[in-house]
Structure formats: C-alpha cells, structure tokens
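Peer 1: Just lifted these from Swiss-Prot, have a look:
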type     : residues                                                : note
BINDING  : 32, 33, 34, 35, 87, 88, 89, 90, 100, 101, 102, 103, 127 : substrate binding site
ACT_SITE : 109                                                     : active site, proton acceptor
C-alpha cells in the first residue's frame, strides 16, 4: 500500500535529477506515482526546450500525465529497446532493492523497467530504509484468488485483498487483475522472497524489484542524493 511522507519539493528535486540521465533522441519508460510524475513534468520541460524523446507509459494515469506534459508517446510493442526508465518506489534500501505497487501498476512497471538499458529510481528521503518492511503487492488472476492467498499465507504473509475506494469490491489493475498486499514484516532476504512469490501459480507480478535498479535519485531537504548499484553516493 502507498506510504506517505516527503515533500513535493523533494519529489521535484528527485525527478529533475533523474531527467539529467536522459539524452536527446531517447525512448524513456515513464513510471507511475507522485515522484515519477515530477520526473514526467521535468521531461515535458525538456521536450518544450527541444528534446526529441518518446515516452512509454506504465499506466493509464501516467499516459494522461505525459500527454498533459507534452511528451510524445509510443507503445512498448512499437520499439525495440528503451534507453532509460524513470520510476518511483514505495520503499528502497541501500542495495537499490525496491518495493513497488502502491499504484497497482507494478506488472507493467516491471516489464518496462527491466527492459530499459538504464533504470533510474526516484523517491523522496522518507522512502529510503535500511530494511524493507512495507507490504508487498502481488497482482493475481481473479480466478486464482483463493489458491494464491493460501500460498501467500503459507509463506508467512498477513494478506489483504486491496479494496477499491470509489466503488464496491477489489481494486482491478489496468490488466484486469486483483492485488493482494502481503505484510511479511522485516524482509531480510528479498531475493529469496521474490523467487518464492514468482513461483506461485496464478500470480502475475509481485512488487519486489531485485537487481533491477541502476541509479536512485533521492530528494532531500538540501538537494538530491544519488545512489548507484555499487552504493556510491553523492549529493547535488
């Protein structure tokens, strides 16, 4: 589920820093969420300044935001590669392992983020933690709801079917699936848990992003901290 915290200014700083990794002519994966939206706005400014880029959106909401920002769009089926993906995170540790899916777009996000030559994570400093502990979203085929929940419970999760807020019934993703939010407490071995979740028949995608992110731009009150896969850190 979505976490709260972090100012709009921190998100703006993270988004603007991430756009520095985008070159003229790039195909850019466009993530979902409030900090990814800040990056989309910054990309829109780059387009207005003359950059020739095309975006590949990860959700209907992202598509609409990109159109408003003036970013030309394409579909992943229409390109043979993605140069850079910029996406947010609900929680991130120093190894750049992420929990995503607060916006229920993690299935599409994982495809696009993994396809990109470089995946840049944007977040405010409230999302940076030593140990991941947020509930892990698991998108599931509706017909597999009962057996998937049983398997998730057997892994030690406290499992909640995500409910819609503006209608009765569960949240339905852009791909027509339901979402379980799975609380495991402190996640000491994200790679092993990711493997176990992926092996459950009926799951479509889970929100653990392991060994995918190349760079994280973390907005702070004083600037932006940049983390790389080797855990080097800088501030701008």
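Cβ coordinates are placed from backbone N, Cα and C, and glycine is handled just like the others.
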Peer 1: State the Cα to Cα distance, in Å, between residue 109 (active site, proton acceptor) and residue 100 (substrate binding site), rounded to an integer.
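Peer 2: Rounded to the nearest whole number, the Cα-Cα distance is 9 Å.
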Peer 1: Find, among the binding-site residues listed as 100, 127, the one whose Cβ has the highest number of other Cβ atoms within 10 Å in the structure shown.
Peer 2: 100
Peer 1: I want to verify one value. Collapsing DSSP to three states, which class is residue 87 (substrate binding site)?
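Peer 2: In three-state terms, residue 87 (substrate binding site) counts as strand.
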Peer 1: What count of other C-beta atoms do you get within 10 angstroms of the C-beta of residue 109 (active site, proton acceptor), across all chains shown?
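Peer 2: The Cβ of residue 109 (active site, proton acceptor) has 31 Cβ neighbours within 10 Å.
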Peer 1: Say we define neighbours as other CB atoms within 10 Å of the CB. Which of the binding-site residues 32, 34, 89 has the fewest?
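Peer 2: With the binding-site residues 32, 34, 89, fewest surrounding Cβ atoms within 10 Å: 34.
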